[in-house]
Every structure is written in structure tokens, then in C-alpha cells.
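Some features that Swiss-Prot has for this protein:
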- GLY30, ASP31, ASN32, GLY33, ALA34, GLY35, LYS36, THR37: ATP binding site (BINDING)
Amino acid sequence: MLIRRLALHQLRRFSAVDLSPQPGLNLLTGDNGAGKTSVLEALHLMAYGRSFRGRVRDGLVRQGQEALEIFVEWDEQRADHPPHRRKAGLRHSGQDWKGRLDGEDVAQLGNLCAALAVVTFEPGSHALVSGGGEPRRRFLDWGLFHVEPDFLSLWRRYSRALKQRNALLKQGGPSRMLDTWDHELAEAGEPLTSRRQHYLERLQQRTVALAASLAPQLGIQGLELSPGWRRHELPLADALLLARERDRQAGYTSVGPHRADWSVDFHSIPGRDALSRGQAKLTALACLLAQAEDYAEQRGEWPVIALDDLASELDRTHQARVLERLLNGPAQIFITATETPAALLDLTHIARFHVEHAQIVAVP
């Protein structure tokens, strides 16, 4: 996956900018607050439907404007398809949105996000390891969404059934109607959990190997899924039935894949609560790069790699290890920094851009 053009309109500080990235490494430098991160935000928004710094309506649209617009043009280079050029556009006001993909309107934002794959490491990425379960569930589902074409329909089926069951619980609905939605939840939730389990097992080997290469002191030994109910003891249908009275009192469904989580097992660190912020960042980075490598193997092309403020997030040793691994592969990489990171000072084959006064200028 190779981005050829990125155009931003009315996004944070930018009125209108047009960027032509190059294959390999693209370095964006500039002072703090110049807008470097906004470029990566735009890519992330196109790939995930949201910014990694909050909701669109929370400051992503330039002050005084109605909506932001993003246009991306890229070459898709999958092993099972001939190379071809793709185009996507998004107009987002924070409330309403309109998207186009390859000249056609898209009805669901997920269809737009399915086209462009971006793996992002940014200052908040440590939450993947040290935060609550929601970002870890999103991590699993994003990977499955991109490598298993029917996963999205399965996920939507489960989400729809969960919404209906929760509504019945709040309304005090009859047991026969709850029976119907319990059955639907189990029919979608069991295979959804099996997909997550198999995917995490696949990532485990890569994550352990990556961590041993990038940060051996972490001693990462494996990844473990908590499915959201005692799956080793009983099927989801039984778990839902057993929890029904408790769920009636609470007004929501307390068991199932929506309560799932996963954890990293360490050799000598007792758990995520004992991690320093730096250890959490390195662990998250190992997981994210493992996901990118798995995507590349399954799809036959690399996702775009976006590394925000790398020099502030990692020390020189770990910067060098990460960049050495990435630069030995075919991925297109975007890095932001206030100045050229030490690990890149001796490299010549880099596309350099400077961000200043709401403009992006290519540096010869």
C-alpha cells in the first residue's frame, strides 16, 4: 500500500495543503504545534473513522469552518490482485459525513475504512497495554476486519443483537423475547470469539519475536485472551441464561465478547499495572508492528506505518532498532519529529517535509 497523494482542507491549522509522499520513509519535521501530527491524524481518520486524539467535533475541524475534507490517492499492491490506483475522499463536520471511494458514494464509514490500512504509533498508544479493555478489543477487531472479509458482518450481527437484548433488559421485556436474542448473541458470539482467539494466537509468535528483537528486557512470553465469559466451562448461550436475572437488575448484558479482553504475559513483570510508561509503549509498539506484519502476510502488501513524535516516545537505542527493522522491509512509513531523529541522520534515501505556518514544504 503506497500513498501517492494526501490533500487536507480545513483540518486543524491547515486551510488547504497537498502532500505527495514517496515510497519508503517520509519524515515530517517542524516545531511543536506546527501541524505535523495533523497529517497522521488525517491518515488515521481515513483508516479508522476517527482521530487518535479525540472526536472529529473536538477541534479537528478548523475553527470557523463547517467541515474538514480529506482526499487520499494510493496504489494497492496486493499479491492476489494486479496493482491499481485507488482514491478515497471524506467530508466530515463532526456530526455528518460523506465519503466516496473510487468514484462511488459509500453508505457506511466502515466501507471507506476497509480500503486504507494504517497502523499508528502515537503518544497515547501505551493505552493499548495499560488502559481499559476497549482499545484492546478494537485492536483485535481491526486486524480481523482487514484480513477476514466476512468478519465485519459477524461483528455487526453480534452488535445488533447486543443492542436489542440490552433494550429488552432495560424495558423488562418477556423471557421469550430474551430467548430469541440470547440465541442470536450466541450464534454470532461463539464464532466471533473463535476468530479473536485464532488471531491472537497468530499474533503471539510475531509479538514475542519482535519484542525480543526491539526490547529484550521486557521478557514478553505470550498473549492471552479473556473471552468475556467462562468459555472453558460453558457455552455462551448458557452463560447468558445464567446471567439473565443479574442482567435484568443491571439493565445490560454482563457476559459475552463485548466484555472480552487480552493481556500480555511477561517473564518477570507481574502484569500491566506494574509496567512503567516506557515499558507499556514498547510493548504496545511490538503488538502494533506484529499486527502490521500479519496484515502484510495475509494480504500480500504492507499497511502504511505512521509513527508520531518517535524521538519523544522512544530513546535512541529503541528508535534505531525499530527503524532498522522497518527500513529493511517494503512498508511506506511516515514519521513526525521536531528535528531529524538521531537514528536517521546518516540516511540519505528519505523524503523530507517541513511543516510551518500551516504549510507543508518538500525539503530537497
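Note that Cβ sites are derived from N, Cα and C of the backbone, with glycine treated the same way.
Within 10 Å of the C-beta of THR37 (ATP binding site) we count 24 further C-beta atoms, all protein chains included. The ATP site is set by GLY30, ASP31, ASN32, GLY33, ALA34, GLY35, LYS36, THR37; from the centre of their CB atoms, other residues of the chain with a CB within 8 Å are THR336, THR338, VAL355. Spatially close to ALA34 (ATP binding site) yet at least six residues away along the chain are ARG13, VAL355, GLU356, HIS357, judged by Cβ distances under 8 angstroms. Sorting the binding-site residues GLY35, LYS36 by the number of other Cβ atoms within 10 Å puts LYS36 first.
When Cβ atoms from all protein chains are considered, those within 10 Å of GLY33 (ATP binding site) total 10, not counting its own. Cβ environment of ASP31 (ATP binding site): THR338, GLU356 lie under 8 Å away, each six or more residues apart in the same chain.
In the shown protein chains, 9 other C-beta atoms lie within 10 A of the C-beta of ASN32 (ATP binding site).
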